[in-house]
Amino acid sequence: MTKINIFILTAIFLLTNVLYTYTEGNGAKDLLTIDDQLYSVDHDNLRVKPSFRKPLNSDGENRRRKKKRRRHRRPTLPPRPLNAHKKDVIWFEESRSYALKLSADPRFPLRLRPNPAQGSPWPLPQQYDTFEQEFFIQPDSFTIHAAGETCDILRFAFRRIRKNMFGHGSVQSDGYERQNLNDKVDEELRQLNVTVLKPCSKWPSLAMDEAYDLEVRRFGASIIAREVWGALKGLETFSQLVYRSSDNIYRIHRTLINDFPRFPHRGILLDTSRHFLTKETIIMNLEAMAQNKMNVFHWHIVDDQSFPFYSKNYPNLTRMGAYSKHHIYSPADVAEILEEARLRGIRVIPEFDTPGHTWSWGLGQDFLLTPCYDLYTNELTEMFGPINPILRGTYNFLRNFFTEVLTVFKDKYIHLGGDEVPFDCWSFNPQISNFMKRNNITNPRQLLGIYEKKLFDIINDLGSKRATGSSYVVWQEVFDNGLKIHPDTIIEIWMGDATDIERVTNSGLRAIYSTCWYLDYINTGVDWDKYYLCEQLDPAVIDDMNIKNISLLIGGEACMWTEYVDNENILSRLWPRASAAAERLWSDKRVRDVQAAAPRIEMQRCRMLATGIPVGVLSGPGSCPSMGPGPGAKRNENDVVSPQRQRKGVDLFKFRSDDDIQSDREDLAKHTVPKRSKFDSDEIQVRQYSDNAQLSTRPKAYCSVVYLVDMSAMYVIPVIIVLILFLYILINSTGQEGSRITILPTLFTRTPGKRPLIAIFVFFILIWVVWSAPIWMNTWEKTHAKRVAKTRIEE
């Protein structure tokens, strides 16, 4: 009878564990449908099997740590899907988006952007060789040294590049990392030598030399450039080769680069008239340009809508033409923008578009614009047209005004516009009509030619008094109208194609191209690829068009007109879409593989985000690798930035006063998030990292019963059964001599009837261990996840 009871208890135990298996174990699982019916599924197919994220190297392959480092493993992240470290992303042409290759339904793909390629340069160098051998960098011991000529431009670049690579302050690695690094002294890169062969030029120019050679080897890295402008581009490339690996160490591969730009003119146009852009926004755009090796800031500073440029000779232009007194670029603002551009090797070409687009000019300058007459009644209206081309006072004003402009701006070239001139106002003005009859002018375009010739003569005369001389850029309408143009003029093509390039270059004039890079036009989804594939001179087109003077095409510009953008969204609209144009203008024309460029441009976006530039999204959902300083990084006092100033685009590359720092600290204290209580932290841990933090489809009562069954199977029932067996053995194992108990000798005595008892006892213990293992493992995973969550919250 006793043996029957033991078998009954064993059967109860086995059934309990089987029940646990069907409810919370790893076998089949029953769920409730919305009509209260059972839905049986395989638990392995219900969830994605968990796996810890593995570190990646720059090539995206799995990398194993050495054994001696495994002893110092840091707390890992919570379990993630198996494919978290290896996402095969492809391009879906139907939806024009990147998505996971293993999407359940191709009609609704799981959209993901390509993984950023760490340690990859943008734009791609002309000759680029990288090797598997890599070196680590300790920011606190790494130095950048000028081996040749030096100047303020180079010293500023050293400070700026260090911040871009390592963030604010120096990174202090944890003890185990520093100990491991010291064991590999031979693989540390300690110094970067920068050699400039020629004395530094003060201002960048169209003829500047931006070529450089970069080599990263065991005992140091070196950059050699003929001019300081090439050294700036080499430093930019070096900063892109450095990346922070998953073990919180800065690394760089052995690399050989010989690089130079494809075109000398690589520009960004910003319109500051239709929406006023703050000085901080412009400087942040200059920083983005430098990171993408763009070298011309085309400043469309005034237009019909407003005149924010402050003129000392004609202050009424600004006083009456600007939106308000707060929307003005003072001489100090302009000088600071020019200096920030100069230190980054960027030319600033201002555009004062005439004779059209000048309505705001007439608000502060009498008799400058042409009064318009009604077409049918010939009566004077309240409207004004382009600049009046027949008055002497017009050209006296232009001479005095551009004398001031050429004094403020240092580049040889100035953009004079000349596009979209409305001829109706000239044609129906009686004074201008009489002038045309007296001078045998039959077409308003001839009148435009007279105006443009006089303006060009003024600029040429003023340029003769400058050390650098002066010349001009004009929009393509000036060429299309058949005007006589100075041979040094540059034509900007904005509404043409290769045919227009052929006409301009075959006439002996230089051209820049911007037709396909009007970035104010936006589309839903991925659109950077069309800017990347824009090619001014396709080889087939060159053969068909018989374009002979290809060298006269000197570059292009990406344009951002501000009818529908302002300070809040211009940088996110402009970058990193303009990065696609940057590689087209810098890299070899054979670099055209969009799929190969996608991981690199995603990494370029992450780098710009890490330096504080609020760039937009390129290719869909995803995240950036860790770019900033690691745990324990020290921040300098000058790096304290308030949330308000960060949103407005604060200049992070300037030293700031103590008053500003104190003000920032007060602002930061107001916006500091209060620490959570321990109870709140525990709730966050369970909600974010526990496996049980999922919506249950079962009623509460059912879940409570399952929980009681789990606890009974794990603790209560096994203890009761063990106690019963122990008492049974104890009672039946009492010795014959007095009350002495001899359990073990009796158990292992070869007595008939005792072996089944021992077998049952051992079998029961084994069964209990096997079936309880999932419960213990689940409990350990929960505890581990809570520990990791607590560590992350504390950090």
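Just so you know, the numbers here start at 1 and follow the chain as drawn.
The backbone N, Cα and C atoms fix where each Cβ goes, and this holds for glycine too.
The annotation active site, proton donor is assigned in TrEMBL to E420. Counting Cβ atoms from all protein chains shown, E420 (active site, proton donor) has 11 others lying within 10 Å of its own Cβ.
Sequence annotations record features per position, and here TrEMBL assigns compositional bias 'Basic residues' to 63-75.
Feature annotation from TrEMBL assigns domain 'Beta-hexosaminidase eukaryotic type N-terminal' to 121-241. When pLDDT is averaged over the domain 'Beta-hexosaminidase eukaryotic type N-terminal' (121-241), the result is 86.
Marked as domain 'Glycoside hydrolase family 20 catalytic' by TrEMBL: 263-588.
Residues annotated as region 'Disordered' in TrEMBL: 49-82.
TrEMBL lists 1-23 with the feature signal peptide.
Annotation source TrEMBL lists transmembrane segment at 705-731 (among others).
Per TrEMBL, transmembrane segment is recorded for 757-777 (among others).
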Residues of the domain 'Beta-hexosaminidase eukaryotic type N-terminal' (121-241) by DSSP state, where helix covers H, G and I: 40 helix, 34 strand, 47 coil
